[in-house]
Structures are given as structure tokens and as C-alpha cells.
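Noted in TrEMBL for the protein shown:
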- 86-511: domain 'Major facilitator superfamily (MFS) profile' (DOMAIN)
- 140-159: transmembrane segment (TRANSMEM)
- 168-187: transmembrane segment (TRANSMEM)
- 193-218: transmembrane segment (TRANSMEM)
- 253-272: transmembrane segment (TRANSMEM)
- 340-358: transmembrane segment (TRANSMEM)
- 370-391: transmembrane segment (TRANSMEM)
- 398-417: transmembrane segment (TRANSMEM)
- 484-506: transmembrane segment (TRANSMEM)
């Protein structure tokens with residue numbers, strides 16, 4: 001008897017599993033809130049130099065605001081006031097001939113900036129003047145956050161394989177809540193950057209542990225449904241974020257409010273079960289029997305667990321050494337695990353880099369930022385429906401490679417649409433976002449099925465580490481538009497195509513029993529159907 005058989009007998013997707021999924025959704029609401037928060041708190045409103053210092057013998061103050069701008073601020077090629085330059089002295093002759101601005105002395109802004117507060121009441125750039133020479137610092141706020149996520153993925157991945165999913169999940173709740181609120185009360189940019197780094201560090205644990213915990217509690221035939229269902233909270237929350245940001249039009253209030261769901265998550269943590277797979281894999285069969293018995297009671301299958309003794313559970317997973325402790329080094333010690341880590345790392349890098357390359361550029365598509373963010377979130381829902389049906393029809397591998405290739409194609413095509421055609425760029429961006437989200441939905445489920453139970457969180461931790469490298473560089477890639485405007489899209493499309501090619505070389509896991517040990521991966525894996533057990537993917541292994 002295998003653990004898959006035990007879960008099937010307990011109703012592999014009954015009330016107990018549904019309750020677990022619901023308990024995981026509560027903290028997962030904060031994921032897109034924080035991951036996409038930079039779109040709103042780091043938004044740069046229209047601005048120009050503060051020209052109050054140019055008052056000259058009272059003449060200047062008698063002019064209207066429009067005339068003051070004409071004599072004080074040089075215009076750009078598109079006719080808008082320059083954001084970073086001003087005239088050294090008022091140029092009153094421009095009131096008669098505003099086109100004659102050649103050979104006029106300009107200087108950088110001397111007394112700060114004046115911002116247009118129509119859309120945003122306050123953002124990081126307006127709070128600490130992160131514009132012009134400091135605009136790269138503003139771009140770096142997303143990178144700093146995702147560097148924390150990157151480190152957190154490695155740390156929490158190891159800790160949850162070492163000490164269990166449940167306890168480490170609570171640690172990530174507390175860490176994210178503490179530093180999330182500290183970010184909102186930061187009194188300078190250095191403090192804010194540090195607090196956002198540790199917020200990303202903590203929230204990374206929520207991202208990887210919640211998905212794995214749910215997948216480890218369901219049977220084979222319901223894994224796809226759970227993987228897609230768990231990812232639906234991301235899409236709904238992504239569409240909800242612009243509404244929250246619209247009504248909380250200040251970065252401090254917004255940062256604090258998007259963290260508050262974790263208070264409820266900490267309360268409901270007591271009802272979260274530990275992973276029975278992890279417990280059995282670590283020789284804690286009595287505790288595993290306790291949680292399986294709770295599952296049986298909730299699902300109405302008490303009789304089965306009454307006949308199943310704890311000592312029987314010790315035989316459902318055959319371990320080479322029960323006292324062995326696993327680490328990230330085990331990802332590269334054996335040849336097939338090494339190849340698996342290499343390919344999944346490339347895929348996760350490509351998936352995350354392209355997804356956030358689109359997601360963090362909501363102002364680059366020529367439409368209202370709130371509307372664009374809502375469209376992006378709403379466009380992900382049909383992607384989830386599409387993936388739900390195709391994952392079991394054509395398998396994980398072709399879905400992963402195909403959605404990445406289509407994402408790259410959308411990004412490539414967007415290079416040839418001029419900025420003035422903002423609606424068309426938004427439509428193409430939404431399509432790219434839809435395929436990119438489909439690839440993200442697939443990669444979480446796919447990777448969870450590829451790695452064995454004893455290394456699943458380490459494998460996901462490493463994969464998330466690679467993903468966050470991709471996310472961290474995506475804001476930097478967007479700076480390449482200073483060299484050539486379509487260059488970021490070209491780079492993102494190449495990354496997507498490279499990841500699609502790597503995904504094609506991964507093995508298929510559809511209808512496959514989850515591997516429990518490294519030995520399962522190194523030898524062979526089983527594909528289950530209703531009639532027999534057949535081997536597959538020997539060419540990979």
C-alpha cells in the first residue's frame with residue numbers, strides 16, 4: 001500500500017482537503033498584494049521643478065500658473081514641461097514666442113519638485129523625491145523586495161523540509177506581518193528598503209509552503225484541480241488590488257492594509273494540518289496517523305483508519321535511511337536530480353522574469369493604471385480555466401512549454417506596436433499576461449510533482465530562488481528602454497523562449513504518483529491508471 005492509496009481511501013478531495021485549501025487562501029491573498037504593490041506605491045506622477053524661487057521683484061507672482069511654467073520650465077519634444085530641468089532665470093520673452101528656447105541656460109531642479117496629486121495622494125517618489133537622478137533608486141525598490149523573496153525561498157524551503165510545513169508557515173506569517181507594518185511606518189527610504197527586504201523574505205515562505213501543503217494532502221486525480229484552484233486566489237486578488245489602491249490613495253495606508261489578512265491567518269493557523277507525507281517521510285508515523293485520522297473523521301471514513309495501524313504507515317514509504325537529513329546539496333549529488341534542478345531553475349527564472357516584466361509595467365501600456373491592473377488580473381481567470389482542462393488533456397510538459405512560447409510571442413509582437421496605440425498594446429499585454437499566468441499556474445503544480453517528498457520544499461525553494469533572481473532583474477531590464485524603447489520586450493521574449501525550450505526537456509507527470517524519495521527519482525517513476533501501473537520517462541532518468 002502506498003500513501004496515494006491511503007489518501008484515496010480517505011476521499012482524496014473531501015471536506016478536510018477543502019477546509020485546508022480555504023485556510024491556505026487566507027494568507028495567500030496577501031501574495032499579489034505585496035508582489036504587485038510596487039505598481040502603486042512606487043508610481044511616478046507627473047511632476048516639474050518647484051519654481052517658487054524664481055520670483056523676481058513681484059512680476060513672476062502676478063502671472064498665471066500656466067504662464068509661470070512657460071517662462072520657467074523648458075518643454076520637451078512632446079510639448080510637456082521638462083520634469084528635471086528649469087531655466088536659471090525667468091524667460092519672459094517666451095510669453096510672446098514660446099518656440100524660441102535655443103541657447104537658454106537650464107539647470108537641474110533647485111528646490112525640489114511639484115507633483116500632480118490627481119491620481120496618487122502620496123507615493124514613494126513624492127515622499128522622498130525619487131525622480132530624475134534618483135529614478136533608478138525608485139526602480140530598485142521592487143528589486144530589493146524580490147531579493148528578500150529570493151533569500152526567503154531558499155531559507156524557508158530548507159526549514160520546512162527540516163522542521164515541517166506547519167511550524168515554518170507560522171514563522172513566515174509572523175515575519176511578514178512584523179516587517180510589513182514596519183514598512184508602512186518607515187521614516188526614511190533606507191529604513192523602508194530594509195523593511196521591504198524582510199517583508200519579501202517572510203512572504204516567500206507563504207508562497208511555497210501553502211501550495212505544497214495542499215498538494216500533499218490530495219490524491220492523484222485531484223492534484224490538477226487543487227493546483228488551479230489554489231492559483232485562482234492570486235488572479236482574484238490581482239484584480240482586487242487596484243480597487244483597494246484606488247480608495248487608499250496613500251502608500252503608507254495601502255502598505256499596512258494589504259498586510260492585515262495575516263492577522264486572520266495567524267488565528268486560523270491552529271486548524272492547519274501538518275503534511276502527512278512529510279511526517280511519514282521523517283519517520284513520525286504516530287503523528288501522521290493522528291492527522292490522517294482527523295481527515296478520516298471529517299470526510300466520514302473513520303472505519304478505514306480504525307483498521308490502519310500506525311506501524312503500517314511506516315511501510316507506505318520505503319526510506320533508505322530514516323535518520324537522514326536532506327539539504328540543498330542533495331539537489332546536485334545525483335545525476336538525475338542534478339538535471340532536474342538545472343531545468344526547473346531555468347524554467348522558473350523564465351516564468352517569473354517574463355510575468356513580472358509585464359506585471360510591473362502597467363503604466364507602459366497607455367491606459368489608466370487602475371484599469372490596466374484590473375484587466376491584467378481579470379485576464380488571468382480565463383487562463384486558469386484553459387489550464388484546468390488542458391493539464392489533464394495534453395499534460396504538464398506541453399502546457400509549460402507552450403504557454404511560455406506564447407508569452408514570448410506576445411512580447412515580441414508588442415515591439416512593433418507604437419506607443420500611441422495604447423489600447424492595442426494593452427490588449428496584447430493582457431494576452432501576454434494571460435499566457436504568462438497560465439505558465440505560472442502550471443509551474444507550481446508541475447514542480448511539486450517532479451521533486452520527491454523528502455526534497456519537495458528544498459526543490460521548490462531552489463526554484464523560487466531562481467524565479468526571484470528573474471524577478472529582481474526584470475525592473476533593471478525595463479531600464480534598457482533608455483537605450484532603445486523596444487529592447488526590454490526583446491529581452492523578455494528571448495528569456496521566455498529559452499525557458500520554453502528547457503521545459504520541453506522535463507518529464508511528464510500527468511497521472512503520476514508523487515515520488516517520495518530521491519531513490520524514486522533516480523530509479524524510475526510510476527504512472528497510474530485505473531487498470532495497471534506502467535513505467536514512463538525512462539529516457540529522462
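Cβ atoms here come from the backbone N, Cα and C positions, even for glycine.
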(Q) Does the structure show the transmembrane segment (340-358) and the transmembrane segment (168-187) touching, where I'm treating 3 or more Cβ pairs under 8 angstroms (sequence separation 6 or more) as a contact? (A) no
Q: Please check if the transmembrane segment (253-272) comes into contact with the transmembrane segment (484-506), where contact means 3 or more CB pairs closer than 8 Å and the residues in each pair are separated by 6 or more positions.
A: no
Q: Average the per-residue pLDDT over the domain 'Major facilitator superfamily (MFS) profile' (86-511) and send me the rounded value.
A: 88
Q: Between the transmembrane segment (168-187) and the stretches 140-159, 193-218, 484-506, work out which stretch tops the count of Cβ pairs under 8 Å.
A: 193-218
